[in-house]
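Taking it in order: structure first as C-alpha cells, then the write-up.
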Amino acid sequence: MKGLTFFMAMILVQLAYGGSNILIKISIGRGLNQLVFVVYRHVIAMLLLGPFAYALEREQRPPLSVSVITKIFVLSSLGTTVHLNLYYAGLAYTSPTVACALSNVIPSLTFVLALLFGMEKVKITSKRGQAKVAGAVICVGGSLLFALWKGGFPLKSFVERPLINMDDNTTSTSTTGSLSGSAGHEKQNWIKGSVLILISYIAWSAWLILQALVSKVYPAQLSLNTMICFFASLQSSLLALFFARNPTLWKLDWNVQLLTIIYCGVVISALVYILQTWCISNKGPVFVAMFSPPLLIIVAIFSAIIFAEQLHFGSLVGAFVIIVGLYCVLWGKRTDILLADQQPAAFQKDSNSDHNQVLEISMEDGPPTNSVSSQRT
C-alpha cells in the first residue's frame, strides 16, 4: 500500500510538470524573462513553505552547520539556477514535447551518477547488471539521435490550426533584455535547444543524487525546501543584475505570465518539491527518475492540440530508442529490488532454522542431566 502511495505521488508530480511545461512555453514566448520567472516562483514558494517549516519542524529541525549550508547552496545551484535557466533557454528554441522526450534520459544519467557516487551497485557479469549498463548507453545514444536527427517526413498534427499561435510574438531583445528574449530564441533551433536541455538534465540528475545525500544529514523536508527556494531566488537575482536590468521586466500584469508564475511557485516549487524530496528520502533518486515517460505522453497530447505541433519520423525513432534504454535500466533496477527483498526473508529463514537447531540441541542436552538426577532419587 505504501508503494502505491509513492507511485501515485510521482504520477501527480509528472502531471504537474506537464501543465507547467505548456504554461512556461506560452509565457516565455510572450516575453516573460526566465530569470525574473525563477526569482518570482521561488519567492512565492519560500513565503508559502516558510511558516509551515517554522511551525511544524521547530522540534525536529537539526542545527545548521557550514557544511550543510554549503551542500544546500550547491543543491540550489544545480536543481534551480543551472537546471531551470538552461531548460527555459532550450525550451524557447524547441517545443515542450522535445523537452519531455529528452527527459527520458534522466533515469540513465541518474543511474550513472549514482554508480559513480557508490549509491548503486552493478555486477557486470549478471544479466541485470548488463541490462542497466546497456540501457544507460542506449538512452544516451537515443537522446543524441533525437537531438541531432530531425530528418524524416513530418507527421500530421491532431488539429489544423493551433489554439495558441506562438508566431504572433513581437518581443525583441530590447524588450526582454535577457537570455531568452532574443529573436534567435523565437526561431526553431532544434540542435541548440536540445543540447541546452540535455545539459540542464545533467544538472537535474546531479540534483537528485545530491538531494538524497543532503536529506540524510538534514531530514527536515519543509525547512530544506524553504532554504532551497531562498538560495534559488538569491542566485537568480544576482544573475538578473546582469541579464535583466530593465525594470519593465519585473512588472506583473493579470495575464498568462502571472498565472504561470503563481502556478509554478505554488504547485511546482512548493508542493512538487516536497513530494520529490519525500520520495527521494524513502525510495532513492533512481526511483524518482523512473517516472519520466508519462510526462512525454501528457505533453505530446497537449502540444499537438494547443500548438498543432508536428513531430518528425527521426524524432519518433530517437524517442523510441530512449524509452527502450530506459526500460532496460528499469528492468535491471527492479530485479535488484526483488533480490534485495528476498534476501532478508532467506536470512530470516536461515536464522529461524539455526534457532530451532539450538533449541533441539539444548533439549537434547537437558534430559541426561534430568535423568541422572531422577536416577539418584
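Glycine too: its Cβ is placed from the backbone N, Cα and C atoms.
Bear in mind that TrEMBL entries carry predicted annotations, made automatically and left uncurated.
Listed in TrEMBL for this protein:
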{"type": "SIGNAL", "residues": "1-18", "note": "signal peptide"}
{"type": "DOMAIN", "residues": "8-146", "note": "domain 'EamA'"}
{"type": "TRANSMEM", "residues": "34-56", "note": "transmembrane segment"}
{"type": "TRANSMEM", "residues": "101-119", "note": "transmembrane segment"}
{"type": "TRANSMEM", "residues": "131-149", "note": "transmembrane segment"}
{"type": "TRANSMEM", "residues": "190-210", "note": "transmembrane segment"}
{"type": "DOMAIN", "residues": "192-330", "note": "domain 'EamA'"}
{"type": "TRANSMEM", "residues": "222-244", "note": "transmembrane segment"}
{"type": "TRANSMEM", "residues": "256-275", "note": "transmembrane segment"}
{"type": "TRANSMEM", "residues": "287-307", "note": "transmembrane segment"}
{"type": "TRANSMEM", "residues": "313-332", "note": "transmembrane segment"}
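Listed by sequence, the residues of this chain that lie at least six past the ends of the transmembrane segment (34-56) yet keep a Cβ under 8 A from its Cβ atoms are 24, 27-28, 80-81, 84-85, 88-89, 92, 178-180, 220, 222-223, 225-226, 229-230, 232-233, 236-237, 239-240, 243-244, 249-250, 252, 257, 260-262, 264-266, 268-270, 273-274. Using a Cβ-Cβ cut-off under 8 Å and counting only residues 6 or more beyond its ends in the same chain, the transmembrane segment (256-275) has close neighbours at 9-10, 12-13, 16-17, 19-20, 23-24, 26-27, 30-32, 37, 40-45, 48-49, 221-222, 225, 228-229, 232.
Sequence-distant contacts of the transmembrane segment (190-210) (same chain, at least 6 residues past either end, Cβ-Cβ under 8 Å): 71, 74-75, 78-79, 82-87, 89-94, 98-99, 102-103, 105-106, 109-110, 113-114, 117, 119, 143, 146-148, 150, 280, 285, 288-289.
Each residue of the domain 'EamA' (192-330) gets a DSSP state, and the totals for helix, strand and coil are 118 helix, 1 strand, 20 coil. Secondary structure by DSSP for the domain 'EamA' (8-146): 114 helix, 0 strand, 25 coil. The average pLDDT the prediction assigns to the domain 'EamA' (192-330) is 82.
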